[in-house]
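The signal peptide annotation in TrEMBL covers 1-21. Look at TrEMBL and you will find 7-265 tagged as domain 'Nodulin-like'. Positions annotated as transmembrane segment by TrEMBL: 65-86, 98-125, 137-159, 165-187, 217-235, 247-270, 352-370, 382-403, 415-439, 451-471, 483-502, 533-552. TrEMBL lists 339-558 with the feature domain 'NFD4 C-terminal'.
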Amino acid sequence: MAGQSRKWMILVATIWIQAFTGTNFDFSAYSSILKSALGISQVQLNYLAVASDLGKAFGWSSGLALLYLPLPLVLFIAAFMGLLGYGVQWLVLQNLLVLPYFVMFFLCLVAGCSICWFNTVCFVLCIRNFTVNRSLALSLTVGYNGVSPALYTLLARAVPLTSNALYLLLNALVPLAVSLLVLFPVIRQPSSSSDAAKQQQHHPHAVSHDEAHRDSLVFLLLYVLALLAGIYLLLLNNTLASAVPVARLLFAGALLMLAFPLFVPGVIYAREWANRTIYSGFRLTGSGFNLVDPEDLELHKELVGKENGPAAAAAYDDDEETGFCEKVLEGNRLSVLGEEHSAKMLVRRLDFWLYYLAYFCGGTVGLVYSNNLGQIAQSLGYAADTEALVTLFSACSFFGRLLSAAPDFVREKVYYARTGWLAIALTPMPIAFFLLATATGPKALQVGTGLVGLSSGFIFAAAVSITSELFGPNSFGVNHNILITNIPLGSLIYGSLAALLYDANGNSSGPRGTLSAEGAIVCMGRQCYRETFIWWGCICVLGLASSLTLLLRTRPVYNRFEYNRISTQLF
């Protein structure tokens, strides 16, 4: 029982780490003051945002460090990288240091790399401690990363300072403080969790049905609590009064919402104890909400090998085309779900590049939009609403990440290929950008921001499971790092496009004109981002088309897997 409670402590620790280390999402809150203080153009500001995203290209370094260093040390290296990257930037904005632009670029790179290291620590903790509901644990913790901007907005309002440069100071100090807070459960986890992992590795069915069901019930309640926390941050943060005592009270409430998951396992275990001792004749039955795990994949491979083209599988494979369409849909397609792919196999697989393009033209565009949200609000005359818009994007991204677990909770009643859910999640993105390009007023900006946040949040969280399912769970670490190389690439391309159009409109004469603040061009009016929104919308249409093609190519193998899974349960 102590070991069971310990793994839930680890889960709560990863929730806290993720909730306070999504520091790149609040870039829009201080980007305008950073641009003004440095006297740089919009293109140069975009390069700083690219530098933060470029840290993800060095994600492999955290995995390499874990091979030689203890996990708590890796956690604190991540915290100190953030302290250096954000802390020195804050000193520059306070006029305590004067640094050249290339040094600021390097500081943004270090800060972005720290986020990737934090993510790796959380992924490893979930993988080590949750073998049955591993993907649900990952989705839950990744989801909490989306509430970071809302939490930082509450905390910034709770501190009696008015400058938005405060965000940089908070980004530097808060992750370090949280690392200290979760140090105790992280230090205690290796010995017990590694023993459990070894036992389950040699005895894969050691986990009882009751235990699996109990864990699934815990996760269901944790997702409900997460939903309530997101609603709390969205509603109260938008109606927050400027009074510091009120902000502090609401921030304390947010911390309490984050602490609630600690009580859920205790309630579940107490209920189980009551069922065993008082109502021993009453038993709960049901299946766990598990994603595709390695054991299911191996069984699936064996069944597919023995079937040799069964009629039932053929019934699912109804996507027969002719000519060019047949080549696109049938050529080099996956034959079995969960097949392990090396890096060489991965880059030769058409399904991977369709998946890469869907992510590149979907979730990455949403991330670039969030980086530009400060300038978008300023150009439309809603600079005072920047914090509220950042909070709205954060909350909707959080809800989108939680929704990514919906396919697993409704799997027994409604089954659909996960690549199909990806296509559904991409659909609101082009709608949002075309709305922003054509509509006016604050409501259109809020609706568009909410749709982009919801869609991109779903994509970010769902990608973790899709990569594992399509290209193998054991190769996930390498393959997912290859996938997310599109983030810095997209940040550079899409951000540069927006910045060039912004500066071009800022330099041109117009009815509203332009303003110059300490040498920085400030563009005012709808023309500043209208063309950018149209371009981004067209790019998202391309991503949607790519995701639909991926769905048509992978739906038969998903359906065969589900057919085999149901068959094994029946017999």
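Glycine residues also receive a Cβ, built from the backbone N, Cα and C atoms like all the rest.
Unlike curated records, TrEMBL annotations are generated automatically.
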If I count Cβ-Cβ pairs under 8 A between the transmembrane segment (415-439) and each of 98-125, 247-270, 352-370, 382-403, 533-552, which range comes out on top? 533-552
State the non-local partners of the transmembrane segment (352-370) in its own chain: residues 6+ outside its ends, Cβ under 8 Å from one of its Cβ atoms. 25, 27-28, 49, 53, 341, 346, 376, 390, 393, 397, 419, 422-423, 425-426, 429, 449, 452-453, 455-456, 459-460, 463, 466-467, 470-471, 483, 486-487, 489-491, 494-495, 498, 536, 539-540, 542-544, 546-547, 549-550, 553
Residues from the same chain, set at least six apart from the ends of the transmembrane segment (533-552), whose C-beta lies under 8 A from its own: 319, 328-329, 351, 354-355, 357-362, 365, 368-369, 417, 419-420, 422-423, 426-427, 429-430, 432-434, 436-437, 494, 497
Within-chain partners of the transmembrane segment (217-235) [C-beta distance under 8 Å, separation at least 6 from its ends]: 8, 11, 133, 136-137, 140, 143-144, 147, 150-151, 154, 253-254, 257-258, 260-261, 264-265, 267-268, 289, 391-392, 394-396, 398-399, 402, 405, 409
For the domain 'NFD4 C-terminal' (339-558), what is the mean per-residue pLDDT, to the nearest integer? 84
